[in-house]
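Before any comments, here is the structure.
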Amino acid sequence: MKKVIRLSLVLVLLAILGSAGAVFYLVFFGGESVVVPPMVGASVLDAVDMVERMGLQVRVDQEESLEPRGTVIAQWPQSGVKVNSEKIIILKVSKGGYKKALPDLRGMEFSRATAKLQELEFLLGDVIRVVNDKPSGVVVAQNPAAPVMISRTRPVSLLVSMGPEKSSSGRIVVPDVLGKDEESARKLVAQSGLSVSVEYVYTQSSPPGMAISLKPKAGTSLPPGGNVTVKVSTMRQSAKPPRPVEDERPAASSAPMEITVPGSTTQLGTQTTVSTQPSKPSSGGARIVVVPGEDASGPRPAPGPEDGQSQQKPAQGRPETPPSTSEPGKTAKIRYQVPPLTKPLQLKIEIIDKKGARTLVEKEVSGGEYVSLDGTYVGEAAVTIYLGGEFVWQDRYR
(Lines of atoms letter the chains of each structure in order from A and count residues from 1; the text may use other names and numbers.)
(Lines give C-alpha, C1' and ligand atoms only; values in the text may rest on other atoms or scores of the structure.)
Protein backbone atom coordinates (compact mmCIF):
# COMPACT_ATOMS: atom_id res chain seq x y z
CA MET A 1 0.00 0.00 0.00
CA LYS A 2 2.84 2.32 0.96
CA LYS A 3 4.53 1.57 -2.34
CA VAL A 4 1.42 2.59 -4.23
CA ILE A 5 1.21 5.89 -2.38
CA ARG A 6 4.88 6.64 -3.00
CA LEU A 7 4.52 5.83 -6.68
CA SER A 8 1.49 8.09 -6.92
CA LEU A 9 3.37 10.95 -5.34
CA VAL A 10 6.28 10.50 -7.73
CA LEU A 11 3.96 10.53 -10.72
CA VAL A 12 2.21 13.69 -9.50
CA LEU A 13 5.57 15.40 -8.96
CA LEU A 14 6.73 14.42 -12.42
CA ALA A 15 3.51 15.76 -13.92
CA ILE A 16 3.97 19.07 -12.13
CA LEU A 17 7.60 19.37 -13.26
CA GLY A 18 6.66 18.46 -16.81
CA SER A 19 3.90 21.06 -16.95
CA ALA A 20 6.19 23.73 -15.56
CA GLY A 21 8.85 22.84 -18.14
CA ALA A 22 6.34 22.96 -20.95
CA VAL A 23 5.07 26.35 -19.86
CA PHE A 24 8.63 27.68 -19.57
CA TYR A 25 9.50 26.41 -23.03
CA LEU A 26 6.37 27.84 -24.60
CA VAL A 27 6.91 31.23 -22.99
CA PHE A 28 10.60 31.63 -23.78
CA PHE A 29 11.40 29.22 -26.56
CA GLY A 30 8.23 27.67 -27.81
CA GLY A 31 5.82 28.71 -30.56
CA GLU A 32 6.40 29.48 -34.19
CA SER A 33 9.06 32.19 -34.73
CA VAL A 34 8.53 34.98 -37.25
CA VAL A 35 10.68 37.83 -38.54
CA VAL A 36 9.58 41.36 -37.55
CA PRO A 37 8.91 43.41 -40.70
CA PRO A 38 10.01 47.08 -41.17
CA MET A 39 7.15 49.40 -40.26
CA VAL A 40 8.81 52.80 -39.66
CA GLY A 41 7.28 55.40 -41.99
CA ALA A 42 4.13 53.34 -42.62
CA SER A 43 0.63 54.29 -41.57
CA VAL A 44 -0.34 53.01 -38.13
CA LEU A 45 -3.40 51.26 -39.62
CA ASP A 46 -1.28 49.38 -42.15
CA ALA A 47 1.33 48.50 -39.51
CA VAL A 48 -1.21 47.11 -37.02
CA ASP A 49 -2.94 45.10 -39.74
CA MET A 50 0.41 43.63 -40.83
CA VAL A 51 1.40 42.64 -37.27
CA GLU A 52 -1.96 41.01 -36.48
CA ARG A 53 -1.93 38.99 -39.70
CA MET A 54 1.42 37.55 -38.58
CA GLY A 55 -0.15 36.38 -35.34
CA LEU A 56 1.70 38.93 -33.18
CA GLN A 57 0.33 41.28 -30.58
CA VAL A 58 0.80 45.06 -30.90
CA ARG A 59 0.88 48.08 -28.60
CA VAL A 60 0.68 51.66 -29.91
CA ASP A 61 2.30 54.61 -28.12
CA GLN A 62 1.81 58.19 -29.39
CA GLU A 63 4.58 60.80 -29.33
CA GLU A 64 5.21 64.35 -30.57
CA SER A 65 6.97 64.41 -33.92
CA LEU A 66 7.47 66.45 -37.07
CA GLU A 67 6.06 63.54 -39.05
CA PRO A 68 2.40 63.61 -40.16
CA ARG A 69 -0.20 62.32 -37.75
CA GLY A 70 -0.58 58.52 -37.64
CA THR A 71 2.89 57.76 -39.03
CA VAL A 72 5.03 55.06 -37.36
CA ILE A 73 8.23 56.79 -36.22
CA ALA A 74 9.83 53.85 -34.30
CA GLN A 75 9.29 50.17 -33.50
CA TRP A 76 10.49 47.56 -31.05
CA PRO A 77 11.85 45.00 -31.72
CA GLN A 78 13.68 46.33 -34.77
CA SER A 79 12.94 44.93 -38.20
CA GLY A 80 14.66 41.66 -39.07
CA VAL A 81 14.57 40.25 -35.50
CA LYS A 82 13.04 36.75 -35.03
CA VAL A 83 10.33 36.55 -32.37
CA ASN A 84 7.75 33.97 -31.38
CA SER A 85 4.07 34.40 -31.96
CA GLU A 86 3.41 35.47 -28.37
CA LYS A 87 5.73 38.50 -28.60
CA ILE A 88 4.29 42.02 -28.23
CA ILE A 89 5.38 44.54 -30.87
CA ILE A 90 5.55 48.16 -29.70
CA LEU A 91 4.89 50.89 -32.25
CA LYS A 92 5.57 54.59 -31.61
CA VAL A 93 3.24 56.75 -33.67
CA SER A 94 3.33 60.50 -34.37
CA LYS A 95 0.60 62.62 -32.76
CA GLY A 96 0.62 64.86 -35.82
CA GLY A 97 2.17 67.91 -34.15
CA TYR A 98 3.71 68.96 -37.49
CA LYS A 99 5.74 72.15 -36.96
CA LYS A 100 6.87 74.65 -39.55
CA ALA A 101 9.02 77.76 -39.52
CA LEU A 102 6.88 80.88 -39.08
CA PRO A 103 8.09 83.75 -41.32
CA ASP A 104 8.62 87.31 -40.12
CA LEU A 105 5.59 89.27 -41.33
CA ARG A 106 6.53 92.65 -39.87
CA GLY A 107 6.73 95.41 -42.45
CA MET A 108 4.50 93.52 -44.92
CA GLU A 109 1.27 94.95 -46.25
CA PHE A 110 -1.66 93.22 -44.52
CA SER A 111 -3.11 91.46 -47.58
CA ARG A 112 0.34 90.18 -48.56
CA ALA A 113 0.97 88.93 -45.01
CA THR A 114 -2.32 87.00 -44.91
CA ALA A 115 -1.59 85.52 -48.35
CA LYS A 116 1.79 84.37 -47.03
CA LEU A 117 0.13 82.64 -44.08
CA GLN A 118 -2.35 80.87 -46.36
CA GLU A 119 0.44 79.77 -48.67
CA LEU A 120 2.31 78.17 -45.75
CA GLU A 121 -0.95 76.69 -44.36
CA PHE A 122 -0.96 78.70 -41.13
CA LEU A 123 -4.15 79.87 -39.41
CA LEU A 124 -4.86 83.59 -39.12
CA GLY A 125 -5.72 84.57 -35.55
CA ASP A 126 -6.83 87.92 -34.14
CA VAL A 127 -6.18 91.08 -36.16
CA ILE A 128 -5.81 94.22 -34.01
CA ARG A 129 -5.48 97.65 -35.63
CA VAL A 130 -3.65 100.41 -33.76
CA VAL A 131 -2.41 103.95 -34.40
CA ASN A 132 1.26 103.70 -35.34
CA ASP A 133 3.98 105.65 -37.13
CA LYS A 134 4.10 102.92 -39.79
CA PRO A 135 1.97 103.42 -42.92
CA SER A 136 -1.64 102.33 -42.72
CA GLY A 137 -2.05 98.61 -43.47
CA VAL A 138 1.48 97.57 -42.45
CA VAL A 139 1.97 94.69 -40.00
CA VAL A 140 3.88 96.08 -37.01
CA ALA A 141 3.89 92.97 -34.76
CA GLN A 142 2.89 89.32 -34.69
CA ASN A 143 2.25 86.60 -32.13
CA PRO A 144 4.11 84.22 -32.01
CA ALA A 145 7.16 86.28 -32.94
CA ALA A 146 9.45 84.95 -35.66
CA PRO A 147 11.65 82.99 -35.98
CA VAL A 148 9.87 80.05 -34.33
CA MET A 149 8.67 76.55 -35.20
CA ILE A 150 4.92 76.12 -34.61
CA SER A 151 2.23 73.67 -35.64
CA ARG A 152 -0.18 74.56 -38.41
CA THR A 153 -3.10 74.45 -35.97
CA ARG A 154 -1.75 77.33 -33.88
CA PRO A 155 -3.27 80.68 -34.94
CA VAL A 156 -1.03 83.65 -35.77
CA SER A 157 -2.30 87.03 -34.52
CA LEU A 158 -1.30 90.28 -36.24
CA LEU A 159 -1.02 93.88 -35.07
CA VAL A 160 -1.75 96.18 -38.03
CA SER A 161 -1.08 99.90 -38.24
CA MET A 162 -3.85 102.40 -38.96
CA GLY A 163 -1.25 105.04 -39.74
CA PRO A 164 -0.02 107.98 -37.67
CA GLU A 165 -2.48 109.96 -35.62
CA LYS A 166 -3.98 112.71 -37.77
CA SER A 167 -3.01 116.26 -36.90
CA SER A 168 -5.55 118.88 -35.90
CA SER A 169 -5.21 120.41 -39.36
CA GLY A 170 -6.38 117.15 -40.94
CA ARG A 171 -3.21 116.74 -43.06
CA ILE A 172 -1.83 113.26 -43.81
CA VAL A 173 1.82 112.21 -43.52
CA VAL A 174 3.29 110.56 -46.64
CA PRO A 175 4.13 106.94 -45.67
CA ASP A 176 7.60 105.49 -46.20
CA VAL A 177 7.19 102.78 -48.84
CA LEU A 178 10.78 102.75 -50.18
CA GLY A 179 12.07 99.24 -50.80
CA LYS A 180 8.61 97.72 -51.16
CA ASP A 181 7.20 96.21 -54.34
CA GLU A 182 4.97 98.30 -56.58
CA GLU A 183 1.68 96.67 -55.52
CA SER A 184 2.37 97.10 -51.80
CA ALA A 185 3.55 100.68 -52.28
CA ARG A 186 0.34 101.56 -54.15
CA LYS A 187 -1.87 100.02 -51.46
CA LEU A 188 -0.07 101.64 -48.55
CA VAL A 189 -0.23 105.12 -50.06
CA ALA A 190 -3.90 104.68 -50.99
CA GLN A 191 -4.81 103.34 -47.53
CA SER A 192 -3.27 106.46 -46.02
CA GLY A 193 -5.89 108.59 -47.77
CA LEU A 194 -3.63 109.90 -50.54
CA SER A 195 -3.74 109.43 -54.31
CA VAL A 196 -0.84 107.69 -55.99
CA SER A 197 0.82 107.81 -59.39
CA VAL A 198 3.71 105.67 -60.60
CA GLU A 199 6.72 106.52 -62.75
CA TYR A 200 9.07 103.84 -64.04
CA VAL A 201 12.80 104.55 -63.91
CA TYR A 202 15.42 102.47 -65.71
CA THR A 203 18.15 101.36 -63.30
CA GLN A 204 20.47 98.40 -62.82
CA SER A 205 21.14 99.05 -59.14
CA SER A 206 17.76 97.85 -57.76
CA PRO A 207 15.52 94.84 -58.43
CA PRO A 208 12.77 95.48 -60.99
CA GLY A 209 9.44 96.52 -59.48
CA MET A 210 10.88 98.10 -56.31
CA ALA A 211 9.88 101.57 -55.07
CA ILE A 212 13.12 103.62 -55.12
CA SER A 213 11.93 107.21 -54.74
CA LEU A 214 8.98 109.25 -53.46
CA LYS A 215 7.80 112.72 -54.39
CA PRO A 216 7.16 114.37 -52.01
CA LYS A 217 9.45 112.58 -49.57
CA ALA A 218 8.20 110.31 -46.80
CA GLY A 219 7.14 112.29 -43.74
CA THR A 220 5.78 115.23 -45.73
CA SER A 221 2.29 116.41 -44.72
CA LEU A 222 -0.32 116.61 -47.49
CA PRO A 223 -4.02 117.39 -47.49
CA PRO A 224 -6.35 114.38 -47.86
CA GLY A 225 -6.30 113.14 -51.45
CA GLY A 226 -2.93 114.77 -52.18
CA ASN A 227 -0.88 113.10 -54.88
CA VAL A 228 2.24 111.04 -54.19
CA THR A 229 4.48 109.98 -57.07
CA VAL A 230 6.21 106.64 -56.57
CA LYS A 231 9.21 105.93 -58.79
CA VAL A 232 9.57 102.23 -59.51
CA SER A 233 12.69 100.57 -60.92
CA THR A 234 12.51 98.77 -64.25
CA MET A 235 14.93 97.04 -66.61
CA ARG A 236 13.19 98.38 -69.71
CA GLN A 237 14.87 101.36 -71.31
CA SER A 238 12.65 104.03 -72.83
CA ALA A 239 12.85 104.29 -76.62
CA LYS A 240 14.46 107.74 -76.87
CA PRO A 241 16.71 108.81 -79.75
CA PRO A 242 20.40 108.92 -78.79
CA ARG A 243 21.77 112.35 -77.95
CA PRO A 244 24.34 113.71 -80.39
CA VAL A 245 27.94 113.48 -79.27
CA GLU A 246 29.05 116.90 -78.08
CA ASP A 247 32.30 118.34 -79.38
CA GLU A 248 34.82 118.14 -76.57
CA ARG A 249 36.76 121.13 -77.90
CA PRO A 250 36.16 124.51 -76.25
CA ALA A 251 33.40 126.62 -77.73
CA ALA A 252 34.59 129.00 -80.39
CA SER A 253 34.01 132.71 -80.26
CA SER A 254 31.86 134.51 -82.75
CA ALA A 255 34.95 136.11 -84.37
CA PRO A 256 36.13 134.73 -87.72
CA MET A 257 38.73 131.96 -87.69
CA GLU A 258 41.84 131.99 -89.87
CA ILE A 259 42.78 128.64 -91.39
CA THR A 260 46.03 128.39 -93.40
CA VAL A 261 46.05 125.52 -95.88
CA PRO A 262 49.62 124.58 -96.87
CA GLY A 263 50.15 123.62 -100.49
CA SER A 264 47.03 125.41 -101.71
CA THR A 265 47.87 128.18 -104.17
CA THR A 266 45.93 130.88 -105.93
CA GLN A 267 46.56 132.25 -109.43
CA LEU A 268 49.34 134.44 -107.99
CA GLY A 269 51.15 131.39 -106.50
CA THR A 270 50.84 132.49 -102.89
CA GLN A 271 49.42 130.54 -99.93
CA THR A 272 45.73 131.02 -99.30
CA THR A 273 44.38 132.21 -95.97
CA VAL A 274 40.72 131.38 -95.49
CA SER A 275 38.55 133.45 -93.16
CA THR A 276 35.39 131.69 -92.14
CA GLN A 277 32.90 131.48 -89.31
CA PRO A 278 33.12 128.39 -87.05
CA SER A 279 30.64 125.85 -88.35
CA LYS A 280 28.24 124.04 -86.06
CA PRO A 281 29.31 120.48 -85.33
CA SER A 282 27.38 117.77 -87.12
CA SER A 283 25.80 114.82 -85.40
CA GLY A 284 29.13 113.02 -85.57
CA GLY A 285 31.01 115.88 -83.93
CA ALA A 286 33.12 116.80 -87.00
CA ARG A 287 33.57 120.32 -88.46
CA ILE A 288 33.25 121.04 -92.20
CA VAL A 289 35.52 123.72 -93.75
CA VAL A 290 35.31 124.61 -97.45
CA VAL A 291 38.67 125.68 -98.94
CA PRO A 292 38.75 127.84 -102.12
CA GLY A 293 39.99 125.94 -105.12
CA GLU A 294 38.33 122.70 -104.01
CA ASP A 295 34.98 121.33 -105.00
CA ALA A 296 32.64 121.34 -102.00
CA SER A 297 31.21 118.02 -103.09
CA GLY A 298 34.43 116.13 -102.37
CA PRO A 299 38.11 116.37 -101.39
CA ARG A 300 40.75 117.71 -103.74
CA PRO A 301 42.48 114.97 -105.76
CA ALA A 302 45.99 114.12 -104.63
CA PRO A 303 48.84 115.31 -106.93
CA GLY A 304 49.95 112.69 -109.41
CA PRO A 305 53.32 111.90 -111.00
CA GLU A 306 52.77 114.61 -113.59
CA ASP A 307 53.10 117.21 -110.82
CA GLY A 308 56.54 115.91 -110.02
CA GLN A 309 55.48 114.41 -106.72
CA SER A 310 55.92 110.65 -106.46
CA GLN A 311 55.69 110.50 -102.67
CA GLN A 312 52.26 109.37 -101.51
CA LYS A 313 50.57 111.00 -98.54
CA PRO A 314 48.52 109.13 -96.01
CA ALA A 315 44.76 109.19 -96.47
CA GLN A 316 43.14 112.22 -94.87
CA GLY A 317 39.85 112.45 -92.98
CA ARG A 318 39.91 108.89 -91.59
CA PRO A 319 40.88 108.95 -87.91
CA GLU A 320 42.77 106.05 -86.51
CA THR A 321 40.66 103.55 -84.52
CA PRO A 322 41.73 103.74 -80.89
CA PRO A 323 42.78 100.45 -79.31
CA SER A 324 40.18 98.53 -77.34
CA THR A 325 40.11 99.55 -73.70
CA SER A 326 37.74 96.96 -72.27
CA GLU A 327 37.71 96.81 -68.49
CA PRO A 328 39.15 93.72 -66.85
CA GLY A 329 36.66 91.26 -65.45
CA LYS A 330 36.19 90.99 -61.69
CA THR A 331 34.92 88.13 -59.56
CA ALA A 332 32.01 88.29 -57.10
CA LYS A 333 32.18 85.57 -54.45
CA ILE A 334 28.55 84.72 -53.66
CA ARG A 335 27.71 82.67 -50.57
CA TYR A 336 24.13 81.97 -49.43
CA GLN A 337 22.69 79.71 -46.72
CA VAL A 338 19.13 78.61 -47.48
CA PRO A 339 16.93 79.04 -44.37
CA PRO A 340 14.89 76.12 -42.94
CA LEU A 341 12.14 75.15 -45.38
CA THR A 342 9.21 72.78 -45.16
CA LYS A 343 9.42 72.06 -48.86
CA PRO A 344 11.94 72.75 -51.66
CA LEU A 345 11.71 76.22 -53.26
CA GLN A 346 13.06 77.75 -56.45
CA LEU A 347 16.29 79.74 -55.93
CA LYS A 348 17.33 82.40 -58.43
CA ILE A 349 20.54 84.46 -58.24
CA GLU A 350 20.80 87.33 -60.74
CA ILE A 351 23.74 89.66 -61.44
CA ILE A 352 23.51 93.08 -63.15
CA ASP A 353 26.57 94.96 -64.45
CA LYS A 354 27.60 96.98 -67.49
CA LYS A 355 26.92 93.97 -69.71
CA GLY A 356 23.31 93.79 -68.52
CA ALA A 357 21.34 91.32 -66.41
CA ARG A 358 22.30 87.63 -66.25
CA THR A 359 20.99 84.67 -64.25
CA LEU A 360 23.79 82.85 -62.40
CA VAL A 361 21.69 80.18 -60.66
CA GLU A 362 18.11 79.03 -61.08
CA LYS A 363 17.36 75.73 -59.38
CA GLU A 364 15.29 74.07 -56.66
CA VAL A 365 16.90 74.03 -53.20
CA SER A 366 16.09 72.47 -49.84
CA GLY A 367 16.23 74.00 -46.38
CA GLY A 368 19.73 74.40 -44.95
CA GLU A 369 21.43 73.99 -48.34
CA TYR A 370 24.62 76.06 -48.78
CA VAL A 371 25.12 77.74 -52.15
CA SER A 372 28.62 78.88 -53.13
CA LEU A 373 29.57 80.27 -56.53
CA ASP A 374 31.70 82.93 -58.22
CA GLY A 375 30.29 85.35 -60.80
CA THR A 376 32.32 87.55 -63.15
CA TYR A 377 31.33 91.16 -63.76
CA VAL A 378 32.64 94.38 -65.30
CA GLY A 379 32.79 97.71 -63.47
CA GLU A 380 30.19 97.59 -60.70
CA ALA A 381 27.60 94.86 -60.12
CA ALA A 382 24.47 94.18 -58.08
CA VAL A 383 23.72 90.57 -57.10
CA THR A 384 20.09 89.86 -56.20
CA ILE A 385 18.77 86.65 -54.58
CA TYR A 386 15.18 85.44 -54.94
CA LEU A 387 13.76 82.46 -53.02
CA GLY A 388 10.38 81.09 -54.01
CA GLY A 389 9.86 84.11 -56.26
CA GLU A 390 10.36 86.54 -53.36
CA PHE A 391 13.21 89.07 -53.06
CA VAL A 392 15.40 88.14 -50.06
CA TRP A 393 18.80 89.84 -50.47
CA GLN A 394 20.91 92.16 -52.61
CA ASP A 395 24.64 92.84 -52.44
CA ARG A 396 26.81 95.26 -54.40
CA TYR A 397 30.29 94.70 -55.75
CA ARG A 398 32.76 97.35 -56.88
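Yeah, the Cβs are placed from backbone N, Cα and C, and that goes for glycine too.
Per TrEMBL, these features apply:
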type     : residues : note
DOMAIN   : 30-95    : domain 'PASTA'
DOMAIN   : 96-162   : domain 'PASTA'
DOMAIN   : 163-234  : domain 'PASTA'
REGION   : 215-333  : region 'Disordered'
COMPBIAS : 263-277  : compositional bias 'Low complexity'
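According to DSSP, the secondary structure content of the domain 'PASTA' (163-234) in residues is 10 helix, 27 strand, 35 coil.
Across the domain 'PASTA' (96-162), the DSSP tally of helix, strand and coil residues reads 10 helix, 30 strand, 27 coil. Per DSSP, the secondary structure of the domain 'PASTA' (30-95) breaks down as 10 helix, 27 strand, 29 coil.
Each residue in the domain 'PASTA' (163-234) has a pLDDT score, and their mean in this model is 86.
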